[in-house]
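Novice: This is the feature table in TrEMBL:
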| type | residues | note |
| --- | --- | --- |
| BINDING | N59, N60, G61, G62, D63, G135, T136, G137, F138, S139, G140, A141, D164 | (6S)-NADPHX binding site |
| BINDING | N60, D131, S167 | K(+) binding site |
| DOMAIN | 9-221 | domain 'YjeF N-terminal' |
Amino acid sequence: MKIATAAEMRGIDKAAIEYFGIPGLVLMEDAGAALARQVASILTDAANKRVCVFAGKGNNGGDGFVAARHLASLGAKVKVFLVFDEGDMAGDAQVNLNIIKKMGIDVLPLAGDRDWDMARVAATFADCIIDAMLGTGFSGAIQGNMARAVELVNSAGKPVVAADIPSGVHADTGRVGTVAVRADYTVTFGLPKPGLLLYPGAEYTGRLVVADITIPAALLAADTIRQNAITAQQSEAAAAAPASGGA
């Protein structure tokens, strides 16, 4: 299986949008739907289950908004916590935020201490938490409210599903600057990223699920993507294959 760096994945997304004409909203929809399916699988039956989504301002947050909508449609009780100033959001993520607000899904910006107290209580009683705060474009050290949110998620003691990559893990190196979300599952989109397989990032990834978000196969198999990983299935198949050569 190919492995894509953050820059390579951005190039793939750009080609899907600009060459193939797949709208960014469609890619976000497919990513969020895959995220929701994983959460629903963990919960067995999403109806009446409590799900908390911690969302950032970028496309990663947008994936979380889509997942929130799908889970709410399955009957889950979803609360979305915004770890950013709403005025900083735009584009496809803003579209999906507007949708879930109109659906009546609880959306709470984390501004004052009371908001954080509500988030802490909600996470404590949640059946599952979605980490949709930071994506593959992040590098550096998490600080301020984002660090506070990561620590809240990690301390809740609930199953955590990360969107694309655990917040705080560098997509290319696996490096963790200060803190990072410790996910039980990571649903990564299109192709795995090196940081999910390299330490220390691998320790934060949990079970890795590679989700198809309908990016054309030709883009995912391009020769310009040079890194590959051997999956467990490929390794088992190779071990089971008869040896070639003479007697």
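Glycine is no exception: its Cβ is also placed from the backbone N, Cα and C atoms.
Any TrEMBL annotation is an automated prediction that lacks curation.
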Novice: Please report the Cα separation of D131 (K(+) binding site) and N59 ((6S)-NADPHX binding site) in Å, rounded to an integer.
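Specialist: On Cα coordinates alone, these residues lie 13 Å apart.
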Novice: If you count other C-beta atoms within 10 angstroms, which of the binding-site residues D63, D164 is the most crowded?
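Specialist: When each Cβ's neighbours within 10 Å are tallied, D63 tops the list.
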Novice: What three-state secondary structure does DSSP assign to D164 ((6S)-NADPHX binding site)?
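Specialist: In three-state terms, D164 ((6S)-NADPHX binding site) counts as coil.
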Novice: Does anything in the same chain, at least 6 positions from G61 ((6S)-NADPHX binding site), have a Cβ under 8 Å from its Cβ, and if so what?
Specialist: A55, L82, F84, M89, A93, L97, A132, M133
Novice: Report the residues of the chain - excluding N60, D131, S167 - with C-beta within 8 Å of the mean position of the site's C-beta atoms, for the recorded K(+) site, in sequence order.
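Specialist: Close Cβ neighbours, site residues excluded: F54, A55, G56, G61, G64, A132, M133, L134, G135, A162, A163, D164, I165, P166, V181.
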Novice: Please report the distance from the Cα of D164 ((6S)-NADPHX binding site) to the Cα of N60 (K(+) binding site), rounded to the nearest angstrom.
Specialist: 8
Novice: Tell me the Cα distance separating N60 (K(+) binding site) from T136 ((6S)-NADPHX binding site), rounded to the nearest angstrom.
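Specialist: Distance between the two Cα atoms comes out at 9 Å.
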Novice: What is the maximum Cα to Cα distance, in Å and rounded to a whole number, among the residues N59, N60, G61, G62, D63, G135, T136, G137, F138, S139, G140, A141, D164 annotated as binding (6S)-NADPHX?
Specialist: 22
Novice: How many whole Å apart are the CA atoms of N60 (K(+) binding site) and F138 ((6S)-NADPHX binding site)?
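Specialist: Cα to Cα, N60 (K(+) binding site) and F138 ((6S)-NADPHX binding site) are separated by 11 Å.
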Novice: How many whole Å apart are the CA atoms of D63 ((6S)-NADPHX binding site) and S167 (K(+) binding site)?
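Specialist: Taking the Cα atoms only, D63 ((6S)-NADPHX binding site) lies 13 Å from S167 (K(+) binding site).
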